[in-house]
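> What follows is a single structure, and I will ask about it in a moment.
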Amino acid sequence: MPLLGVLLAIAATASVLILPRPLPEDADPARFSAHRAMRHVETLADEPHSVPDTAAHDRARDDVVGMFRDLGYEPEIHADPMILNTWSGMVTEADRAWFRPIEDLESQNIVVRVPGASQRTLMLTAHYDSAASQEGDQVAPGDSHGAGDDGYGVATIIETLRALKAQGRQPENSLLIVITDAEEVGMVGALNEVTHHRETLDDVELIVNLEARGMSGPALMFETSQNNSAVMRRFLASAPNPVTTSFLPTVYRNMPNGTDLSVYLDEGFTGLNIAAISGGEHYHHATDAPEHANAATLQHYGDQVLGLTQAWLDDADALGLTADHDLHYFPLWRGMMVGYPEAVGLGIAAAALILGALAAWGLRPWRVRDALRVCWGVVWRSALIAVAATGLHYAVGFLGWGAMPGGVGPNPLLLWEFLGMVALGGAWLGRFIWRRRQEPAAAAAVVGMLMAATLACAVWAPGLSYIAALSLAALAVSLLVRGRAALLVRLLAAFAIALVFGLPIVLLHEAMSVNMLALPVIGALLPLGPLALVCLRDARL
């Protein structure tokens, strides 16, 4: 029966990932239509248009300007010098050599204002340049058409603006649209905006940046500003069927990646970042082209952005978006989110640690040495699984069956690599746990590892703590409860553990497998121990 809880959790995670039906071109004008937006993707991404490819890049700029003019708006062009910007902030001679072919160009941001009754402003932003490449030691035109990155973002904003205009309502608050230039060569457009046009941003209370690292799957809300409680509550209340978890911004803050939003966050703005990451093999590749665009993914972008923007423009009494803490949040089912303040998360972690200690005490007699031996057995087996996953990934690349780790281009075997390593590694690690499932020391070892993870997350990565804390609490309660209620408690515990791990495992695979297969493989094996104890502890062969 507890296995039924795992199946229900898989169904719940799958429901969260269901994409909306793309609306046709003749849909209600007041709604976002992916097929209307797709026309803009096709126009902008009809050819590669990176910054070094000046003729195509200028045509792309004119295309976007024409889209706004077709809606009755006259955009401003913020033309500024091309500034060499590096992620580290340190500029080397190699950086200067790389940048030299474009240093005499201008970045040209496209700006549209929609004034409301108040000056309180929401800013929507995306970039219109496509990915560049490198020849020798210098930047060069790329072959990506930029359909996803960032045609999705530009098209979503254009279609959102069209839908808002079709509604015919006078906005209570204001809207600012900034389509930046030169994001792909160092977030230059965003940097110029805060450097040369700061007054444009004076009344901006929220910046929503639209990006893409893939071309399919849900549009994830993956990054927020610090102390995100207020802005996240507004986003979750107004964006239909969001796909997000506090796991995402916590992890992203510790990664060496950047988008235009990074520039604004460094300046203290409140912001949200939305991007599709499935189909990452198209990222910065020639296949990032309109023929690979996904209408359902574009619809999910639009539903969320239109919902959030409409709510902001209509709310004359919109609460401020500043807060002094983060929100912990995760999906329970499609359209159903659980969210609570960071202080509550700390309380949950503390309660889970107490329950874990009680469960470990209740498992006596067991010896610490035996529990440590089980922990070591899990650790070294996991390390070998990670090594094997890395070796498999490189072997596929060397044999020419897919892109090398960290490279660009399609890898049709990537999903099978992931599933195969999870299956084989899970069988090996599962056999080790299965043979010890009725040993008190083994159960105490799993409880102890979850307690360590809960404490570490609570201190260093609070946004992740719900995964470890709720898993620990569920496992501990299942070990403590006896009698008639035990079976039901174990079913609920299995559901809780599989649920909190489910979406992060999927997202880890989508985000990391292309570069580092070992990480999502190990992530997928993390719930194996607690689930084995909950579901199979009393099983007999």
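Positions of Cβ are set from backbone N, Cα and C atoms, glycine also.
If you look up TrEMBL, you'll see 109-307 marked as domain 'Peptidase M28'. According to TrEMBL, the feature transmembrane segment maps to 343-363, 375-401, 413-434, 441-458, 464-481, 488-508, 514-536.
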> For the transmembrane segment (441-458), could you work out the same-chain residues 6 or more beyond its ends whose Cβ comes under 8 Å from its Cβ atoms?
345-346, 349, 352-353, 356-357, 359-360, 363, 366-367, 370-375, 378, 433, 464-465, 467-469, 471-472, 475-476, 479, 529-530, 533, 537
> Same chain, outside the transmembrane segment (413-434) by at least 6, Cβ under 8 Å from its Cβ: which residues?
281, 377-378, 381-382, 385, 388-389, 392-393, 396, 401-402, 442, 446, 509, 513-514, 517, 520-521, 524-525, 528-529, 532, 536
> Do any residues of this chain, six or more beyond the ends of the transmembrane segment (343-363), have a C-beta under 8 angstroms from a C-beta of it, and if so which?
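For the transmembrane segment (343-363), the far contacts come to 325, 328, 440, 443-444, 447-448, 450-451, 454-455, 457-458, 462, 465-466, 468-470, 472-473, 475-477, 479-480.
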> Taking the transmembrane segment (464-481) as the reference, which of 375-401, 488-508, 514-536 gives the largest number of Cβ pairs under 8 angstroms?
488-508
> So which residues does the transmembrane segment (514-536) touch in its own chain, when a touch means Cβ under 8 Å and the partner is 6 or more beyond its ends?
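Long-range Cβ neighbours of the transmembrane segment (514-536): 2-3, 5-6, 280-281, 378, 382, 385-387, 389-390, 392-393, 403, 405-406, 411, 414, 417-418, 421-422, 425-426, 429-430, 433-434, 437, 443, 446, 449-450, 471-472, 474-475, 478-479, 490, 493-494, 497-498, 501, 504-505, 508.
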> Note the mean pLDDT of the domain 'Peptidase M28' (109-307), expressed as a whole number.
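Mean per-residue confidence for the domain 'Peptidase M28' (109-307): 96 out of 100.
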